[in-house]
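> Handing you a structure now.
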Amino acid sequence: MSTIAPERAVPTPRELTTEPRFSDKVFRAVVTVGGLSSLIILGLIALFLGYRGFEVLRQEGFKFLTSSDWSISTDDAGNVLESHFGLAAMLVGTILCSIVAVAIALPISVFSALFLNFYAPGWLKKILVTVIDMMAAFPSILFGIWGFLVLMPSVEYWAKLLHHYFGFLPFFKLEPYVVTRSPFVAGVVLAIMIIPIITSVSREIFSQAPLDRIQAAYALGATRWAMIKAVVIPHGKSGVIGGAMLGLGRAMGETVAVYTVLNIVFQVNWQMLLGAGGNVASLIILKFGEASPYEIKALMAAGLILFFLTLIVNALADVIVRATGRSGR
Amino acid sequence: MTTISAPAPTRPWKASPKDRLRDVALFLFAIVGTYVVVAVTPMKGKLAYFGLFFIFYMALTAGFQWFTRGSAAAKDAFVNSLVAIGAVVTVIPIASIIVTVVVKGSKGLHMGLLTTDMSMSAPTDPIASGGLLHAITGTLTLVVLALIMSIPIGILTALYLTEIRGSLTRPIQFLVQAMSGVPSIVAGLFILSAVLYPITKGYSGFMGALALTILMIPTVARTSQEVLKLIPNDLREAGVALGGTQWRTVAMIVLPAARSGLITAVILGIARIAGETAPILLLTGGGDRVNPNAFSGSIGSLPYYIWKSFNAGSPEAITRAWAGLLVLMVLVLILFSLARLLGTRKVAR
């Protein structure tokens, strides 16, 4: 039995550290800067549009939101003699068009989302989901031109029918009797554009409905509708509202599709069937071509208002969708 | 000898021939009823056929269920048809759009469409003169420039949200969501006010590409984030356990594993911006000849060409617009199918 000289190898204590290495520090810094880009870009948008539009906003003050004049007169040298800029008609028009759009799109989207999740056989679901996602990727100019040349005659006919049979309802009132290029037409085109968005958000939310409760409902003898009413709708209600808000935000910011089908008039109009509407984004395209430098500033201010409007709507939508993603689990 | 007789499998939940017959009969009744009502009453047209058919079908199925199985079944049948209407109404516009664009656009196709530009012809000239060359090269230029700028930013944002997960994750997630809602016209106005007026003072493809970048970043970031979330954490832990730094782990393991998904994200981003019109109208000037220099001079693009032809208004010009829409739609469809194809296997095995 040989003994080995007890040579006690005591390792020098290593220093344990969670300090990231240099390469990681660089990596983290780069990625963080990249991640902050969205903050920077959004901040710059608000800053620059505010900076350019400041002069007009200061001159018009609160009237920029409440009056609906849009006129500018210049002398031969291009100096501004008199100008009135007000967005009231455009804001009312934007809200009216997008509310019509959401009112049409929401029931259709919810029904088709229910169909996709709980009624359609697997193969049909796969096809329809692809088709609807594809529709969401279609460019807006396609909807605009198709809406103008193909859809508009039918929609104007529907508008006449609505007025004829439901004219006693306050929101189908029509005075004077002009139905061409009304906010209703724009609303229908926008509805077709946002149906895929609301459908896919609702589908996502509905598919998260707890399976055990669905099966419990069936086990208790519920019909499919009774199950949906008892389980799916309570679970997905606020998520669907969030999806609708997302669609509303998209509808408010839409430019080209609305511009092609809407008759823009600088007068506040709450009648959705009347052929005189307004839209902030379309106003910018309409006036941009021949605008003087000062009017461009007014358009920048209008862009700023639109930016904040869509930002608020989208933020609300995000908060609502996210709140349901967590609950009910 | 005893024989064990195995019971034949039955499927009591499947529709029996009698049930099928009943369904078909109700469907036929609804069609007949629709025709009768349209013939007798003053209600006419496609809308009347469509609306009445659904009302009939709904009433017949719900009524049938009411008498055979009671009110709960009737409600179920009612909702059944309602939900089917929802799906049909969703699909009708897209079918109409595709059919219209193909039918009307194919009239504008001719031999020189992809080899000539519009520098020698006006939108109102006969169809056979001029073509889309300037628009296609212009759109390609814009898209490539936008890609160069938005891919790094988009993927870095996604990496921040999935790999670093610092204290800013929630606010940045929120901001990316908010950014995806920025109207395209606002992005155009921003570039106009921040870059075009103070710095370059002239239209160019680069200005358009900057605006498209703003629109593309959120799409790339959100899709990449979804993909990176799917990469199993084991891979990251294995990388770190082998002594890799986080940088090496992400660059050598996570990103390659997510490659096809990231490509999908980029393709979806291209599909999002290829047809974007509003900022293009503000920023690129829309020239009629091929402009290889993206940094100066107006540049044509497909949406601008469509817009210009559509606004020219004559029948030839409208046909040109449809042909342009056909090319644009085919482009978007190809991109979308590519994204689907790659997206079915988001994580490489």
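Cβ atoms here come from the backbone N, Cα and C positions, even for glycine.
What TrEMBL shows for this protein is this:
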DOMAIN    A:91-317  domain 'ABC transmembrane type-1'
TRANSMEM  A:26-51  transmembrane segment
TRANSMEM  A:87-120  transmembrane segment
TRANSMEM  A:127-152  transmembrane segment
TRANSMEM  A:184-206  transmembrane segment
TRANSMEM  A:227-248  transmembrane segment
TRANSMEM  A:268-286  transmembrane segment
TRANSMEM  A:298-317  transmembrane segment
> Can you work out which residues elsewhere in the same chain, 6+ from the ends of the transmembrane segment (A:227-248), have a Cβ less than 8 Å from its Cβ atoms?
98-99, 101-102, 105-106, 109-110, 114, 117-118, 194, 197-198, 201-202, 204-206, 208-210, 213-214, 217-218, 313-314, 316-325, 328
> Which sequence positions outside the transmembrane segment (A:298-317), separated from its termini by at least 6 residues, show Cβ-Cβ distances below 8 Å to it?
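Cβ under 8 Å, 6 or more out: 42, 45-46, 49-50, 52-54, 56-57, 64-65, 72, 83, 85, 87, 90-91, 94, 242-243, 245-246, 248-249, 252-253, 280-281, 283-284, 287-288, 291.
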> In the same chain, who gets a Cβ under 8 Å from the transmembrane segment (A:268-286) while lying at least 6 residues past its ends?
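For the transmembrane segment (A:268-286), the list is 68, 70, 87-94, 96-97, 100, 159, 162-163, 171-176, 178-184, 186-187, 252-256, 258-259, 262, 299, 302-303, 305-306, 309.
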> State the residues, same chain only, that lie 6 or more residues beyond the ends of the transmembrane segment (A:87-120) and have a CB under 8 A from a CB inside it; answer 'none' if no residue qualifies.
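Same-chain contacts beyond the flanks: 64-68, 128-129, 132, 183-184, 186-188, 190-195, 198-200, 202-203, 206-207, 224, 227-228, 232, 240, 243-244, 247-248, 251-252, 258, 262, 264-270, 272, 277-281, 283, 302, 305-306, 309.
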